[in-house]
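Report on one structure; see the data block that follows.
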């Protein structure tokens, strides 16, 4: 159950299965009660109360499951929206980079060292460090590792 709570998508799939399963179990119980056992029961007030309690518990449980299903759906929508906003925000920040900074960023993502980048772009090491610092500042990262993890 802990893994279901940690993964909203799995929880959502679980709840999609839970509602129909619960309905089938209730229908099966009602069939056994009315189809198989009904002729053997002495139909008095107690049996009617039992049937009403069973129906009420089904209704309440089904409503609860439906509410929980709706909550998970809302959380999934919020999560997807937040993820889209994060991607949009990162895309906006990437668009703020200059042409040369984008070139440096591509080399960083390719896993090249500072020395290799300087040789490829024909720039001084101090200029490269300046470009890298601008990239960190504009994208809001503190290290190459963060950049690679976010953009790969």
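Each residue, glycine too, has its Cβ placed from N, Cα and C.
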Subject >> Listed range which TrEMBL flags as transmembrane segment, given the options 46-65, 66-85 >> reply: 46-65
Original post:
Looking only at the domain 'HTH luxR-type' (90-152), what is the mean pLDDT?
Top reply: 89
